[in-house]
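Asker: Take a look at what TrEMBL says about it:
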REPEAT    57-91  repeat 'WD'
REPEAT    100-141  repeat 'WD'
REPEAT    142-183  repeat 'WD'
REPEAT    184-225  repeat 'WD'
REPEAT    271-305  repeat 'WD'
REPEAT    312-353  repeat 'WD'
REPEAT    354-391  repeat 'WD'
Amino acid sequence: MSTPLNEGEDHGDVFLDEDDIVEEINVDEEDLPDADDDADSDTEAYVDEADDSVHIFTGHTGEVYTVACSPTDPTLVATGAGDDKGFLWKIGQGDWAFELQGHKDSVSSVSFSSDGQLAASGSFDGVIQVWDILSGTLKCTLEGPGTGIEWVRWHPRGHLVLGGSDDSTVWMWNADKAVYLNTFSGHASTVTCGDFTPDGKTICTGSDDASLRIWNPKTGENIHVVRGHFYHTEGLTCLAITADSSLVLTGSKDGSAHVVNIITGKVVTSLTSHTDSIECIGLSSSSPWAATGSMDKKLIIWDLQHSIPRCTCEHEEGVTCLSWVGGSQFVATGCVDGRVRIWDSLSGECVKTLRGHSDAIQSLAVSADGNHLVSVSLDGTARVFEIDEFH
């Protein structure tokens, strides 16, 4: 991580030779700022560093927490932040942005429907807003949970919206009709992660109560509760479901990942190698591999057929988010050190480090055409990087 100029070691005196002088500029003494003018400014001067991004979105005025790329429009991006705002904006079109107005607290999650027609923004105010992309209008406001929305997901084929809350419930609505469909109750703490299975027939949710629950979306029935001896000892943080809807992988604060059979509710295998909280998990679409990122500063690529680590990728700080790059062998990671890195899952090598952010990365998304990676950070910006060489 780059050291702010006013922290860390003393850089000592730096001497210039005649040859180092590029040009001389005469400065009027009166134009110089007083030395103490900036002393109490709380923005730390980061060491000037290369910025590898090709587009920076600066519409937010707070820490940016979440990003999603449209599945149908390679330029369209949604972001949500601590300034109580969401935005739709376009890669390469710096003058175009559409504010998702109306939230009264941080926007924690943004998500596009699978057909790209609608976008949902979920907030800590307990409300999900659904936006019509084509008309640029608010389609409906979905209410119900008593407290904050942690995440929002769409049904893989319809306009059904699923939202997990920190009041320990999960809610489902029909966004076309703006009607409430079901509540899934049973967790004893914040529902930190969840999703529909790719076939749309089942819902999996994970909670801070250290359990995974498997639900029937139609009836609201809780089919399985996975917890206890062979499972996590601390809260779940993330989950990913295999393309055939048969297995769910869960990650936890306890540093372990487990693979659960969705049909039987049984733990199939455990992936234990991390030594700190797992923050993110992702499945390769082209091979039986999983990727996990942890606060132990590691990305681990797992061979799911043998439940062993294929390779371990060391970072400078904790790994907060990851994304496989399309169907390729490459995995992108976001890190507490503000860097985005591209890793080759075959060799375990870091093939590219993308700089520009000055604070921890919170979320990553890949554009529909696979040409761009969008990262959002606590530094208040979203940055776009070209990754067309990796797909």
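Cβ atoms are placed via backbone N, Cα and C, with glycine included.
Where the annotation comes from TrEMBL, it is an automatic prediction and has not been curated.
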Asker: Could you tell me the mean pLDDT over the repeat 'WD' (57-91), as a whole number?
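Answerer: Mean pLDDT across the repeat 'WD' (57-91) comes out at 98.
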Asker: Does the chain bring the repeat 'WD' (271-305) near the repeat 'WD' (312-353), so that three or more CB pairs sit under 8 Å (pairs 6 or more apart in sequence)?
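Answerer: Yes, the repeat 'WD' (271-305) and the repeat 'WD' (312-353) are in contact.
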Asker: Would you kindly list the residues that approach the repeat 'WD' (142-183) from elsewhere in its chain, counting only those six or more residues past its ends and only Cβ-Cβ distances under 8 Å?
Answerer: 105, 108-114, 117-118, 120-130, 189-196, 198-200, 203, 205, 207, 209, 215, 217, 220
Asker: Should anything in the same chain at least six residues away from the repeat 'WD' (312-353) have a Cβ under 8 Å from its Cβ atoms, list it; otherwise answer none.
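Answerer: Beyond its ends, the repeat 'WD' (312-353) has Cβ neighbours at 1, 273, 276, 279-287, 289, 291-301, 359-366, 370, 373, 375, 377, 379, 383, 385, 387, 390-391.
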